[in-house]
Amino acid sequence: MMDRPKDGPLALLLLLLGHMISALEVPLDLPQPPTITHQSPKDYIVDPRENIVIHCEAKGKPHPSFSWTRNGMHFDIDKDPKVLMRPGSGTLVMDISGGERSEAYEGIYQCSAHNELGTAVSNSIVIRQSRSPLWSKERISPIIAQKGQSLILHCRPPAGLPPPIIFWMDNNFQRLPQSRRVSQALNGDLYFSNVQPEDSRSDYICYARFPHTQTIQQKQPISVRVLDMDSLNDTLADYLNDTDLFSDKPAEERAPVFMVPSESVSSKMVLRGEVLEMECVADGLPTPAVSWVKRNSEIPSGRASFLNFNKTLRIMDVSEADAGEYRCFAKNRHGSVHHSIRVTVNAAPYWISAPRNLVLAPKEMGIITCRAAGHPKPSIRWLVNGLPIEDAPKDPSRRVEEDTLIFSEVQTGSSAVYQCNASNLYGYLLSNAFVNILAEPPRVLTLPNIIYQVIRNKPALLECVVFGSPVPTITWFKDSRSSMLEGNAYVFHENGALEIHMSQPSNSGKYTCVARNNLGISENHVYLEVKEPTRILRPPEYQVVQRNRDVVFECKAKHDPSLVPTMTWLKDDRELPDDERFRVDSDRLTITDVTESDAGTYTCIMNTTLDQDSASAQLTVVEQPGVPTDLELTDPGARSVQLTWTPGDEHNSPIKKFLIQYEDALHQSGVWHNLTEVPGTKTTAHLKLSPYVHYSFRVLALNDVGFSHPSMPSRQFRTSPAAPDENPTEVKGHGTEHNNLVITWKPLTPLQANGPGLQYKVMWRQLDMEKDWTSVSVANVSKFVVSGTPTFVPYEVMVQALNDYGPGPKPSAVIGYSGEDFPSAAPGNVRILVLNSTLAEVHWSPVSLESVRGRLQGYKVHYSRERSLHRHNSHQGKQRTEIFSPNKTSGMLPDLLPYSVYSLRVTAFNGRGEGPSSVPQRFEMPEGVPGTPSFFKVSAIDLDSLTLEWGPPHERNGRLSGYTFKYQTVNSKNDLGLLEELDLPSNQSSFTLHNLSHSTRYKFYISARTQRGSGPTLTEEAVTILDRAMVSPQVDIATQGWFIGLMSAIALLILILLIICFIKRNKGGKYPVKEKEDAHGDPEIQPMKEDDLTFGEYSDEDHKPLKGSRTPSSGTVKRDGSDDSLVDSGDTQFNEDGSFIGQYSGRSDRDATHDSSEPPSPVNAMNSIV
């Protein structure tokens, strides 16, 4: 072995040079020694039912040939017709389909691939056949164990290759339930910390599954019977006259003792990178809890897990830092015990720097390093072309320095494959690296015109893979060859790649890489596109939902518009369950009918071809708490007991409180009552009880979702009888007749009775009149009637509870009164003061206290209308009553009718009823303003005259003094003209207006008067048209057959009008289509009478003003509505001579202020059409 060079800078240069050229890949069209590309694993276990295939693939130029050794000797495949080598490769196939045994081919195999430039070798491959031996026959006796004892059921499976997987099942192939008390150890045995009667069964079966052959074998079933010695002794003692047949005492509670490991300290060795498993199984009663610690350090949380109910500690991917002392603790209420496990970590060899291929030009220098670590430290051994380097031909350009090969002034023809073997006690590493001597001009291996896409602010890596010998130098240019890229914004990697740390849109463009050596030059072009990042704008939010409800997660994102996004949802970092309840839309996830298993972390991932963004939210599924269990009664007292229970599952919502209910089987079986509540943090309650109750208790838990189902009832707890602790409540005394006193009370409940024979002692005496109490005892009632009492006098009343065990506490007295009688006197000095035509005030003198004969509750004023003072209306009204408080001596009588005679009487009343009435009083109400006229109609006489008729008001409210009549014109813009007013005598019922303008609309107003003033106004409108007047009719004729036909004709006429308008507008003319709407009164429509050419009249039976009417102000008034146009109106008739009468019905809520170019009246509109 040659000495390491003393020249430090030269050695550093060689290291850098070796590192640079090691990244070179030799194109397959150039000469190169063999390289192993695929081989079977070092430890290869084969299935005996299948052909054996040992892989060995290699590349090289020229293509390599292959040979094998077996157990260190040359393996001549030509001698065994069952062994074939695949064409073009070194892979061996052993055909055992003809019945050959695969054991015959077990051994250590190694493959060699060689061409004229060198030889590469594979790892040593150990071939072993998988084995799944049968279980040895054995007779297993039934096991009888005493309740509480520990127990081990041994499995002892047959040794297999690889070792089998062990599990315990029953005859029905169901896995046996395991718990903190019963669990399977790492060796497959089943451990019971303490046995219970429910462990008795005859089908404990251990199964072994051999993974390579996929076969399962089972052990003979084991029968276990657990004896409960307490129950057995009690039963036999009763049967055998208290003889204790089984003298052995039952297993008592005890402190923990470790069953595995059996000693107090143990040790364990594990290799680096493997899995460390340690276990502690403890015997104890109650069942011990197991915990783990690492002395002077922490257990690695990321790689450690606690399995098998905390009895097993597993650490994955062990490192040297995991060495140390671990302690497991087993603890119950009787004590604790611990066990120490000292862990040492050794290591098979692992690479620090594996050898890499080296390509050199003639006269160049280079190095190959082989650095490995392990515990113990591995030794390094070099080979060349499969032979120890010391046995290989000497090469003056090569020297060995421990883990480094140094080459200098290499010559053509010195190419070879070197092997480095690093080994220690626990394994070995073997790696091939060739030295290839070539002289080649540069060539760019990266495909041309590649488009790289990268996200803004992310690094971009533009590849320029080149090959050349000597190693080419690489330069980069952007967009043009004018300037070379340089500066801190760029990183130039040794393999030729160009890296941009923070890509920006300005970095987009064309890039050129140029490779040069002393033999030539080569270049390549690539393109960079910088895209906008994908971002989640609205992430999903934390959700708390009740079971069986629906939940929605939203996830809104943005992305570069040139990229195609896909939204993916995960649950707990896995795919969503294949369940139709999960519905994914474009930006949301909906889960319907949520179950407990849906709880977890939901992540939305927005993916593009370049990047992704994700956001997560937790889903917590809540529901009512689980049912409390294990109710236990302790510390019994005369009137108390302590109740304890075990809470059920909180179901992700903390328990806020527990509700304790009881059932009284003695008095009210099957009915549960609330007793008390305790906070959710407690599981014990001290219950205060009542005597003489057969209690059963149950517990309900409450969280934010609601109450749990009730627990199973506790055992019954009975309390002894006692005298009552309380007396009846709500004791009252009152009379129902003038000579009695009724004493009532709220009876005690059975729970309050405290014992059998419940009675009530009722006591009374007249207040301040009697010294001694009168009493009576009653049962099963809640009232008692005392007869023969004076009228309405105070009594002291008491009710005391008593039972067979004595009386209750002394009761308190309450004051009650005997019965009332009707008042004996009427209010006097009744006076009436009339305030206006509808309101009067009545006064009276109060009755004396002696005449009330009870508690005065007030006064009643009864009054009614006897008749009207008008001879035309004299009907009577029904009686009305006003009630006033007892301290009142006057009151108002509202809503009286004017010009009427009323009668009135006053009474006093108490709890029994009304006393005698006062002497009836009569009074008259003065006149008031009259009501509206009973009807108002307008009829036509000739071209310029209209006749108006009306009827007197139904409610005259006095003597009519006359009528006020007003009228005014209405133009096409709904402006009201000058208001004319006439006074007409009261005996007149019609009037004719002459000299009116034809084709003009008028509005008329009429109201009746008395001496008190004018009443409400009735309005009508009419239009003088040729020799007819159009007025607002009052009867709806829209359902008349003739009217429907008329409307159809008008619709046709309107259609013709619209066509003419359209033609004229196309010729440039202007023609209005829509006229203004009417904004005044809204009377109903009534057909015209043919015989007298008059219109139907308006009837005011409801005493309401005409809808849409208004009282005019003086002067010209702007109206609220607009005229109905000919096109708009459907209420139009034509007379026999061709003229028409348009019937207008008033419409409210229409715009009446806009201008119009329409004809001013329906007549003008008709003339326009003609």
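Backbone N, Cα and C define each Cβ position, glycine as well.
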Q. Per TrEMBL, which of 376-399, 712-735 is region 'Disordered'?
A. 712-735
**Q.** Contact check, the domain 'Ig-like' (349-436) vs the domain 'Ig-like' (34-122), 3+ Cβ pairs under 8 Å, seq sep 6+
**A.** yes
Q. Who are the chain neighbours of the region 'Disordered' (712-735) in space, where the CB to CB distance is under 8 Å and they lie at least 6 residues beyond its ends?
A. 627, 629, 631-633, 636, 638-639, 641, 643, 663, 665, 689-698, 741-748, 752-756, 758, 760, 764, 782, 789, 792, 795, 797-809, 811, 814-820
Q | the domain 'Ig-like' (34-122): DSSP-derived helix, strand, coil residue counts | A | 7 helix, 46 strand, 36 coil
**Q.** Helix-strand-coil residue split for the domain 'Ig-like' (533-620), DSSP-based
**A.** 3 helix, 47 strand, 38 coil
Q: State the residues, same chain only, that lie 6 or more residues beyond the ends of the region 'Disordered' (867-887) and have a CB under 8 A from a CB inside it; answer 'none' if no residue qualifies.
A: 856-861, 893, 897, 899-901, 924, 954-956, 958-959
Q. Within the region 'Disordered' (867-887), how many residues are helix, strand or coil going by DSSP?
A. 0 helix, 7 strand, 14 coil
Q: Pull the DSSP breakdown for the domain 'Ig-like' (256-344) and write it out as helix, strand, coil residue counts.
A: 3 helix, 55 strand, 31 coil
Q. Any idea what the model's mean pLDDT is for the domain 'Ig-like' (256-344)?
A. 94
